[in-house]
Amino acid sequence: MKIYLVGGAVRDALLGLPVKDRDWVVVGSTPQEMLDAGYQQVGRDFPVFLHPQTHEEYALARTERKSGSGYTGFTCYAAPDVTLEDDLKRRDLTINALAQDDDGEIIDPYNGLGDLQNRLLRHVSPAFGEDPLRVLRVARFAARYAHLSFRIADETLALMREMTHAGELEHLTPERVWKETESALTTRNPQVFFQVLHDCGALRVLFPEIDALFGVPAPARWHPEIDTGIHTLMTLSMAAMLSPQVDVRFATLCHDLGKGLTPPELWPRHHGHGPAGVKLVEQLCQRLRVPNEIRDLAKLVAEFHDLIHTFPMLNPKTIVKLFDSIDAWRKPQRVEQLALTSEADVRGRTGFESVDYPQGRWLREAWEVAQSVPTKDVVEAGFKGVEIREELTRRRIAAVANWKEQRCPKSN
């Protein structure tokens, strides 16, 4: 029996990155031997065991053979005669097909070290094409390591295109697509994930609402980048700089979906695209089974982001109504989230990356003023039932009006 550290732990250590999880491959053993040594079996489809002390995963070396459609259609073979090289060959990328023995020596049968040095994401073998989930995984790795200047090898991107055009991605379940997407949204450069999917044609299959934005022009005066698809990825990049929250990043990604519905004869203007985009956000989220909290914020951002841009022109009643509409009284975090997504929208444009966004500050200030109006004062004043809500709203509007007179500049 020989045990090797494999995959991500080896890769990230060589890149000088923190190692989170360590996975091990056991060569020359059987399930019974592992159980006799005190390991606990956890894998149903193939033999994976938990170490009795560290609880890290130890998998018997195995091979995989395509036996059905999609990413689950594989037959696994695990036996003592499966070599380390056999096991590493089934992995997706060469940089993930590295192993390290007890002496610290790196075993590299597929030139993963060379690809690490050259910052290349390259598939190990043609078997890559048998698993459609790998298209999303490579896009996610491209996003994860973009700050280290990694790029996808030409032949790997070509294979991803072939897989997409062959309809392989249609076998992916919504849950797996969302899981990979959510993971990509946590990276430093989530926009790269969607750019890669666009480059290989997968965006049209998995995110048609986003793909439809590419080639749709916006007024050059406000959008020097012109293309709405490019603007969308720029805003996502900016959102990633402003907030680590997946819901903020996803909402920013979806903020302009309504522009994909504008008839070409009306281009480059997109009047009413915000409210129009809400149903597309709902459609996308329903298809991918996006969590409700993330979906709800994305719908609100689509509907109201342009309203925030015009904040100096809003009257106090409209401002308080906005807080009602986003349910800020029960979910106050939405004010900050709306401020961040609107800022990402404004700064996610060519030449506008460093502009100030005072509307975000004014939104936050107006919220502090409105929510500081004490409910108990209204009750103690003798108001009852529905009158409490009406009087509370009136006082909030008055407080915001007073603040706006002093702090918020008047529009021209």
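The first residue you see is number 1, and the count goes up from there.
Just so you know, glycine gets a Cβ as well, placed from its N, Cα and C.
What Swiss-Prot records for GLY8, ARG11, ARG91, ARG137, ARG140 is CTP binding site. If you look up Swiss-Prot, you'll see GLY8, ARG11, ARG91, ARG137, ARG140 marked as ATP binding site. Sequence annotations record features per position, and here Swiss-Prot assigns Mg(2+) binding site to ASP21, ASP23 based on sequence analysis. The domain 'HD' annotation in Swiss-Prot covers 228-329, and the record cites sequence analysis as its basis.
Feature map: annotations from Swiss-Prot on the structure.
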residue: GLY8; record: CTP binding site; DSSP (3 states): helix
residue: ASP21; record: Mg(2+) binding site; DSSP (3 states): coil
residue: ARG91; record: CTP binding site; DSSP (3 states): coil
residue: ARG137; record: CTP binding site; DSSP (3 states): helix
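Here ASP21 (Mg(2+) binding site) is positioned 8 angstrom away from GLY8 (CTP binding site), judged by their C-alpha atoms. Here the binding-site residues are ASP21, ASP23; the one with the fewest Cβ atoms within 10 Å of its Cβ is ASP21.
Rounded to a whole number, the C-alpha distance linking ARG137 (CTP binding site) with ASP23 (Mg(2+) binding site) is 18 angstrom. Here ARG11 (CTP binding site) comes close to ILE95, ASN96, LEU98, GLY112, LEU116: these same-chain residues lie at least six apart in sequence, with C-beta atoms under 8 angstroms from its C-beta. Taking CA atoms as the reference points, ARG140 (CTP binding site) and ASP21 (Mg(2+) binding site) are 17 Å apart.
Of all residue pairs in GLY8, ARG11, ARG91, ARG137, ARG140, the annotated binders of CTP, the farthest apart have Cα atoms separated by 16 Å. The CA atom of ASP21 (Mg(2+) binding site) is located 17 Å away from the CA atom of ARG91 (CTP binding site).
Averaged across the domain 'HD' (228-329), the predicted model reaches a pLDDT of 95.
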